[in-house]
Each structure stands twice: as C-alpha cells, then as structure tokens.
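Quick look at what TrEMBL annotates:
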ACT_SITE  D135  active site
ACT_SITE  D438  active site
BINDING   E106, D135  UDP-alpha-D-glucose binding site
BINDING   K272, D296  Mn(2+) binding site
TRANSMEM  16-34  transmembrane segment
TRANSMEM  46-65  transmembrane segment
TRANSMEM  518-541  transmembrane segment
TRANSMEM  547-571  transmembrane segment
TRANSMEM  583-601  transmembrane segment
TRANSMEM  639-658  transmembrane segment
TRANSMEM  670-688  transmembrane segment
Amino acid sequence: MLEAPLNTRKPSPERWFNRAYTIVYTAAIFALVYRHCYNLVYHPSFTTIFLLLADVVLALVWATWQAYLLNPIQRKVFPENLPKVVKESDYPGLDVVVCTADPFREPPVRVINTALSVMAYEYPTEKLSVYVSDDGGSQLTLFAFMEAAKFAKHWLPYCRKYDIMDRSPEVYFGSDSFFFPEAYQIKVMYETMKAKIEKVVDTGTVSPNLITDERWLKALDKWTPTFTPQNHPAVVEVLLESNEDKDITGHPLPNLIYVSREKNKSVHHNFKGGALNSVIRVSATLTDAPIFLVLDCDMYSNNPKTALYTLCHYLDPKVDPNLALVQFPQCFHDINKVDTYGAEHLPEIRTIPMGMDGICGTMFIGSGGFFKRQALLGSPASIGPSNIKEAKTHCLGNKSMKSDDILAVAHRVAGCQYEENTKWGLEMGFRYGSLVEDIYTSFRLQCQGWTSVFCDPERPSFLGNSPMALSDLLLQSKRWFVGFLEMVTSKHNPITYGFKYMNPIHALCYAHYNFRPFWAIPIVIYAFLPQLALINSYSIFPKVSDTWFPLYAFLFLGAYAKSLFEFLVAGGTFVKWRNSTRMWLALGCSSYPFSMVDWVLKSLGLSTMEFNVTSKVLDDDLKKRYEAGLFEFGVESPLFLTISIAAVVNLLAFLMGAIHVLKNGGFEELFAQLFIAGFGVINSWPIYEAMLLRSDKGKMPMMTTLKALGVASVVYSVSSLAF
Ligand SMILES: O=c1ccn([C@@H]2O[C@H](COP(=O)(O)OP(=O)(O)O[C@H]3O[C@H](CO)[C@@H](O)[C@H](O)[C@H]3O)[C@@H](O)[C@H]2O)c(=O)[nH]1
Ligand SMILES: [Mn+2]
C-alpha cells in the first residue's frame, strides 16, 4: 500500500452476520414453499394459489436483495494526500452539467444556486466548466444564468477567501453561518438578483431593458413568437469564458455555458438522457474535459471538496483503468425529522451502493455521478484502457469558445437530427429506452466492462429536494417503476442479458431493482386476501398451535427485524424505518401496480411514456404540514383511491374479525389474519386521520373517501361469493 494512499476500502463488518442470516432464512423459505406445494396438491383452492404466488414473488425479490449483502464495502478518501501524487496543474478538466427542464416546476433561482455551488468548487477554475442543460428552452432560465454570471464575480472570491463550506448562496445566506465583512454587501446583491429573477419568472418574459450586455441581448432574440419548449432551435450561449472573464479579484472564473438542445415535435427527444447526450457533444466541442459530472438542478453542492474526492479515485496510481464512474449518494435537505414518506431512501443510498461496490461497482443514480467521459463514448475494448490524466483534452488553440465556427459546431451537435443513424443512445452516451436512464445506462456500461466506485463522505456532497406532497412522490415512484419494467421487458433484461455480460451476482443486484414493481403482487394480495377471508370467518393460515405456525411467525418477524437491522446499519432510526416500511406498503397498493398498468397501456400503444418532472416549488403551507409529520393528500388521485380502499377493507376486516372471535371463538384459527388486518390498520392510521379527522388543505378529498367506501362495500359484498 502507498504510504500516503488516496483512498482505502474495507469490507463492512456485518457481512458475516448477513451471510449466515441469508442461509437460515433461505432454509425457512424452502420449508414454506414445501408447505405451499403440499397444500396445492392436497387442499387446492384459489387462496392457496394466490398465497403461493405472493410468497414466490416475495421470495424471489428477497433472494435478489441478498446480492447486496454478500460483500458490502466502505471506502475512504484522503484528499490531503493529493499533492503528494499529482500537481494541481495536472488535474484533469471537469465539465459539470446541471439539468433543468421547466422554469415553473424548477424555479431558475434554485437552478442557479446549484450552478453557483459547483462553480465555487475548490478546483482550478480554468479547468472547470459548468453547463446548464435547459430542456425547457426557457429565456427565463437563460436570464437567471446571465444574472448568476455577474453575481459569480463576487460570490466565488468570497467563498475562496473565507473557505466557506455552503457555497450555494441561498443556503449560506439562509443559515446562521458566520458572515465575514463583505457578506452583507454580497447578500444584498444576492437578494436583489433573486427578486429580479423571481419577478421575471412571475411575468413570464424578459424585458430587454433588464439586459446591458449586447451579446446577451442578441441571445434572447432567438425566442421568436414560434419558439416553444417543444419546438425551437438549439441555443448555445457562452456566458463566462475562463480565458477572458475574471472575478473582482482578477482571478479567472470558470466557464459557464447555457445549452438548450433543438426540439422538434416530430423527433423523439428521449427526455433527460437525450438532453445529456446533447451536452456531452456540446461540451466535447467547447471544453472536452475528461471528467463529466451530472447534476439535477436541485442537487446543490454541500461540500466544495467533492471534486477532489473524485480525483482520489481517478488519480490513484493503482486505479482500475476501466473505472468509469465515481458516484456520490443523493441526499436531501428538506426531509422532515421522521421522514414521513421514507424519502431518504436509505437502503437505496447506502445499503445498495455499498453492496454493489463490493461486487463490481455501484449504479449511476442520475445525479452526483462523475463519469470518465470516454466511457460514454465507447467500450473499454474499443477505447483501450486509459488513465484519466492521459485522456486527450480538447484544444481550441487560440480560438475563443465564442468564435463563430466553434459555436456553429456546438449548435450543430445540439440539433435534434444529429443523432439520426448514429450510435447515440444505443451504444454511446446515455442509453434510451427506459425512463430510468440513469440505472439503465450504468447497467449497459457495466455490461461493457466499465466499473464504478461509491464515494460516501460523512458530510453529504450534494443535497437536493424531495417531494413534500404525497401525490408528487407517488407519481415520481410510478415513473421509476415504469422505467424498471421497460428494462425488464427489453432485450437488456438484467437476468438474460446481465448474466451473459456481467458477474451474475452483479446482474442480480440490477435484477432486484428492476423486479421491484412486482412487489405489487404480494402486497396487493396480502392487503386484501387474508382480510376478505377474515370478513367471512374463513381461515387461510395455520392456527397458533399448528406446527407450521412458528415458521410463519419467523418469516414475518425475521424479515422485519432484519430490515430494521439493515436500516440502522445504514444510519437510520427506528421511527424512520417504521415510516419507510409503511410507505413500502402504500407504494405496493399504488405506484407499483399502477406502473404495471401504465406499462401495459404503453405496450398496447394506448398511451405514451412521459417524464413528468417532479415539482421543486416550495409551498409554505404544505411545508408546515409536512414538517408536522402529516401526509399530504389534498388532490384527487387514483393512486390515493387504491390506498384508501385497502385501508377501509383492513379496518372493516379487523373489526368484523374481532367481533366474530369474541362472539363465536376461533381466535387460534383466525389469529394470523387478525394480526395482518391489525397491522394494516396501524399502517393505515394516517389515512383514517386524513379521511375523518383533518380539516386542513392536505386532508383526503371527500370524493376519494366516498369512492373508497363505495368500492370497499362492493368488494365486501362480492367476497362472500368467493369464500
Ligand atoms: O425531459 C426531461 C425531464 C427531466 N429532465 C431533468 O432531469 C432531472 C431529474 O428530474 P426530476 O423530475 O427531478 O426526477 P426525479 O425522479 O427526482 O429524478 C430521479 O430519477 C431520474 C430518473 O431515474 C434521474 O434521472 C434523476 O437523476 C433522479 O434524481 C431534472 O433536473 C430535470 O430537469 C430533463 O432534463 N429533461
Ligand atoms: Mn429530482
């Protein structure tokens, strides 16, 4: 080992416990399957078939989950050792792309904050370029960036001089950090700029008298009356050029470039993947840095050293030449104390990436991923193993990025027909064909032999915002699950394709993600079948004194206890775990099954896939309710209806079952069902509250409550025919 290593890795200590537990639990699953098969042969009924189906799906998804637990690893980086390995002047260039798509759902003020936070990275500024990919083609966003370019001249030197940690101005000025003398003046500048941008967004147009620079004024001319977000020419505008633009101390500024790719209704634009591919090409024309960081517009930098952490991997003398991605976790700044919606996604941001890192590399999760640019252009075999330092850096010679011929190329490669008859989206760049372009792309890259590492420093490197309205969160999840189904049903299925081209355990890691929509099957079955049987006093599980009962108890309690253990290891708390398991059930009755319906409709050609951008607009009222731990319903949504129906059926079953047992006995036979219905009731508590007890704007809409009661009573009546 090097005396002064840049990074270290060590296996997580809990892996032996995990492995032993997997063996014990597997044995229990086999015993259960045996019992199911026995029942199927000797006591066949529709309940036996449904329960077998539910348990088989649960077992399969559980089995794939074990892949993450086999060999989780923890990494550390030592940026203080970088100077011993490489001179600052030899650092590779870094191109950052900040994606945005809609100025009304993604307020431009927030987008510029993210951009400013990375422009202020602790990194040689002349090697740093920030691209904003405006997929909404909005002059409002361009205007915000023009303002940000001016503000950067004051903000960047301030951050550098005082070694500020929070380099998003909104965060810094909104916090109780210590303010150095210049801060007050800069704060006024920031507030003035913010008000100006918000006013422009409110009015919806940029008035020319707000712009002083001739060149920038000309850029806005592109927004002719026929310019719409879905139909417009490419716009590439260099707002800051490192060679020319200096901050107020005379220090060079990073490059700042606005890109809005051409859109035309007749050409499919492939959502975020398409936008990123345009920026890969535009940036290759202008700066061509060997490292390419992808950020969502809300994911501001929370640690200015993050790029240096990345170098600790890429510049390690012993680095795997196929290393293509250094991924940081996606953390959120606005999640309430108890994480009502389980939106921290702890298993996804820690357990899964650490587990995959120990196999052959973690996934790309859409934001916070530092790519080796070459990996996006071809396979290791076609490109040949290379060191990031040797990667050719594009040279414009003496030419400015603003020269007409260079910009002409940049506009051409951002054209919507540029990709026709090329390998873009198929074999190059971000891959098309799934709404989870991030996971799909990393799957394809890893099948080509590229690897990745997971970097999880104590202070989160990026912080984004998470939906506060349940409807937004369920829609977002539904979109992801449709994306997974697209992967499962494509030729790049993680099992059939993955087993051929990657380590089978690694393929199982992807399979777990992709199979998650199928959780709908067991969750829906367990949300209704035992309850409807209970309503009809029909026993479907072994009674308490049966020799099989302890197996059922172990499988249930063991699964929950293990999930709690993993959650705590990942850094969670008991309450957050409880909420995330509740959310899992809610998703199982809404987003998971609806994603299947969406996918079927799309496959039959009855609907088209949409990437509905998640709103990042702050609503103070909603925020208050969310912070108080309330679920936000408020709007009518079919996703709420199914959850409500399940809640009503569980309550009804629990009450009727309890009354039956009190009157007629049979507690032993019906115990398991009473327990499941009772468990459903406890988990549904926020729904009953929202239906009956709340009067705020986030309560369950009356129409949804009535519909749920109506459907539940029909289900109740029909159920008597089945048992
Ligand atoms: O047509 C589109 C749609 C979206 N975006 C951008 O994509 C990002 C993610 O969109 P968002 O609505 O925030 O989706 P989320 O579901 O929150 O995103 C998660 O899931 C996506 C799909 O898996 C990943 O790409 C993201 O990085 C990941 O944070 C945002 O910056 C958008 O501006 C585009 O550029 N073009
Ligand atoms: Mn997002």
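Using the three backbone atoms N, Cα and C, a Cβ is placed for every residue, glycine included.
Sequence-distant neighbours of the transmembrane segment (583-601) (same chain, 6+ residues past either end, Cβ-Cβ under 8 Å): 341-342, 474-475, 477-482, 484-486, 489, 516-520, 522-524, 527, 607, 638-640, 642-643, 646, 680, 683.
Counted as Cβ pairs under 8 Å, contacts with the transmembrane segment (518-541) are highest for 46-65 among 16-34, 46-65, 547-571, 639-658, 670-688. Closest by Cα distance to E106 (UDP-alpha-D-glucose binding site), from the recorded positions D135, K272, D438, is D135. Looking only at Cα atoms, D438 (active site) sits nearest to K272 among the recorded positions D135, K272, D296. 547-571 is the stretch from 46-65, 547-571, 639-658 with the greatest number of Cβ pairs below 8 Å to the transmembrane segment (16-34). Annotation note: D135 (active site) sits in a coil segment as assigned by DSSP. DSSP assigns D438 (active site) to a helical segment in the three-state reduction. DSSP gives D296 (Mn(2+) binding site) a strand state.
Taking a Cβ cut-off of under 6 Å from any atom of ligand 2, the recorded positions E106, D135, K272, D296, D438 reduce to D296. A straight line from the CA of K272 (Mn(2+) binding site) to the CA of D135 (active site) spans 8 Å.
Separation of the C-alpha atoms of D296 (Mn(2+) binding site) and D135 (active site): 12 Å, rounded to the nearest whole number. Note: D135 (active site) has non-local neighbours C99, T100, A101, D102, S260, R261, H269, F271, K272, A275, i.e. same-chain residues 6+ apart with C-beta under 8 A of its own C-beta. Under DSSP, K272 (Mn(2+) binding site) is assigned to a helix (H, G or I) in the three-state scheme. The number of other Cβ atoms within 10 Å of the Cβ belonging to D296 (Mn(2+) binding site), over all protein chains shown, comes to 24.
Annotation note: E106 (UDP-alpha-D-glucose binding site) sits in a coil segment as assigned by DSSP.
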